[in-house]
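According to Swiss-Prot, the topological domain 'Extracellular' annotation covers 2-33, 98-109, 173-199, 284-293, on the basis of experimental evidence. Positions annotated as transmembrane segment by Swiss-Prot: 34-58, 71-97, 110-131, 152-172, 200-224, 262-283, 294-315. Per Swiss-Prot, topological domain 'Cytoplasmic' is recorded for 59-70, 132-151, 225-261, 316-448. Under the heading compositional bias 'Acidic residues', Swiss-Prot lists 343-352.
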Amino acid sequence: MGRDLRDNETWWYNPSIVVHPHWREFDQVPDAVYYSLGIFIGICGIIGCGGNGIVIYLFTKTKSLQTPANMFIINLAFSDFTFSLVNGFPLMTISCFLKKWIFGFAACKVYGFIGGIFGFMSIMTMAMISIDRYNVIGRPMAASKKMSHRRAFIMIIFVWLWSVLWAIGPIFGWGAYTLEGVLCNCSFDYISRDSTTRSNILCMFILGFFGPILIIFFCYFNIVMSVSNHEKEMAAMAKRLNAKELRKAQAGANAEMRLAKISIVIVSQFLLSWSPYAVVALLAQFGPLEWVTPYAAQLPVMFAKASAIHNPMIYSVSHPKFREAISQTFPWVLTCCQFDDKETEDDKDAETEIPAGESSDAAPSADAAQMKEMMAMMQKMQQQQAAYPPQGYAPPPQGYPPQGYPPQGYPPQGYPPQGYPPPPQGAPPQGAPPAAPPQGVDNQAYQA
């Protein structure tokens with residue numbers, strides 16, 4: 001039985017909204033699916049707006065969090081906040097409970113356009129965060145000098161322009177925005193197989209999805225490698241450091257290891273959130289079209305919209321200064337996220353205090369401070385090694401010792417003989433000048 005579109009085509013504002021014929025081939029999904037989807041999207045929207053709203057409030061009101069690197073987190077939180085507000089609750093939630101898109105064709109295009117902008121913005125902002133953290137870990141001594149508020153602002157402007165570039169194409173005929181899945185939300189048209197739609201999908205996949213994936217993988221792979229190398233260097237230096245320096249080095253290594261674990265979580269969350277969309281779009285273009293059912297098309301929507309919840313948890317709650325700020329302002333938020341005392345102590349030990357006279361543009365992040373402290377200790381050890389031998393030490397003359405010295409077979413085998421008593425304590429070596437005579441004794445008489 002074909003799908004009854006009377007409950008899924010909108011008759012408000014614009015009755016000519018386009019529904020791709022592909023979706024007519026499937027039966028209408030049960031009401032329970034609509035209601036479950038509406039509840040899920042509503043919960044994601046409310047939590048996404050609340051969580052990202054708290055992140056934006058704290059990062060803008062807490063001076064210690066207003067560093068250049070944290071501008072990316074604020075931009076990500078703003079992107080996810082808007083994504084949850086417009087593309088989740090209430091538009092899609094209302095449509096799911098009514099079992100049809102009720103907001104018309106123009107609203108469908110605006111909905112898809114906003115979803116495209118902030119979807120691409122979240123992906124590219126995560127790539128910018130990975131670049132910043134790669135600079136902090138891979139080049140810690142130069143990280144605080146290179147990243148400033150101006151540089152971070154320029155990178156964020158690039159992210160916005162990049163996102164608008166890919167989202168605006170369907171508005172002007174390069175692809176299209178249309179209903180998808182259970183016909184309660186709008187997105188890119190990935191079902192049509194004409195050349196315009198296919199080129200749009202391929203370009204978005206390669207440059208809008210796969211490109212940021214390569215950036216994120218490259219940066220976090222090098223972060224993990226840097227963590228491994230620093231741990232080996234710290235182990236080699238441990239014996240030469242005093243107790244205070246060793247404690248700071250161990251704290252920095254612990255902070256690095258936590259950062260590496262967070263990096264793995266970030267990559268996994270990124271793939272979990274956005275890979276299903278990419279797979280379904282490519283499958284619709286190059287695979288069996290009958291595999292793209294309403295259920296298969298709606299699952300990526302759920303994963304992508306849930307990413308607005310993951311991001312503030314991963315990028316913000318893992319930040320030690322953010323945890324401190326949120327515990328003072330909203331202590332109830334962290335009741336489910338307990339951090340042991342050792343982790344908090346390591347974070348404090350690993351951070352370097354910023355002098356009051358420094359400009360806020362050059363203020364390093366906590367990660368940069370940790371790495372600068374470790375690199376300073378490593379440079380100190382390298383300077384000590386470079387200062388040996390001491391200045392003024394004359395090297396031995398060329399050709400010394402002479403070739404063939406000592407002679408082969410020297411000392412002779414069995415020398416000294418077994419049982420040979422050692423010389424008495426204080427005895428002068430053979431050939432040494434005679435000792436001075438006691439006080440009051442004539443030297444010639446003493447030697448005679």
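Glycine is treated like the rest: Cβ placed from N, Cα and C.
The stretches the transmembrane segment (200-224) and the transmembrane segment (110-131) meet in space: the count of Cβ pairs below 8 angstroms, excluding pairs fewer than 6 apart in sequence, reaches at least three. When Cβ-Cβ distances below 8 Å are used as the criterion, the transmembrane segment (110-131) is approached by residues 69, 72-73, 75-76, 79-80, 82-83, 86-87, 91, 103, 155-156, 159-160, 162-164, 166-168, 170-171, 177-178, 185-188, 208-209, 211-212, 215-216, 219-220, 266, 270, 274, 304, 307-308, 311, 315 of the same chain, each at least six residues removed from its ends. If you look at the transmembrane segment (294-315), the same-chain residues 6 or more away from its ends with a CB under 8 A from one of its CBs are 23, 26, 29, 33, 37, 40-41, 44-45, 47-48, 51-52, 54-55, 73, 76-77, 80-81, 83-84, 87-88, 119, 122, 126, 129, 180-183, 185, 187, 262, 265-266, 269, 272-274, 276-277, 279-280. Here the topological domain 'Extracellular' (284-293) has Cβ contacts under 8 Å with residues 22, 25-26, 190-191, 193, 198, 201-202 of the same chain, all six or more residues outside its ends.
In the predicted model, the topological domain 'Extracellular' (2-33) shows an average pLDDT of 67. Taken residue by residue, the topological domain 'Extracellular' (98-109) breaks down under DSSP into 7 helix, 0 strand, 5 coil. For the topological domain 'Extracellular' (173-199), same-chain residues at least 6 beyond its ends with a Cβ under 8 Å from one of its own Cβ atoms are 5, 8-9, 17-20, 22-23, 29, 33-34, 37-38, 87, 91-92, 95-96, 99-101, 108-109, 111-113, 115-116, 280-281, 284-285, 289, 292, 294-295, 297-298, 301.
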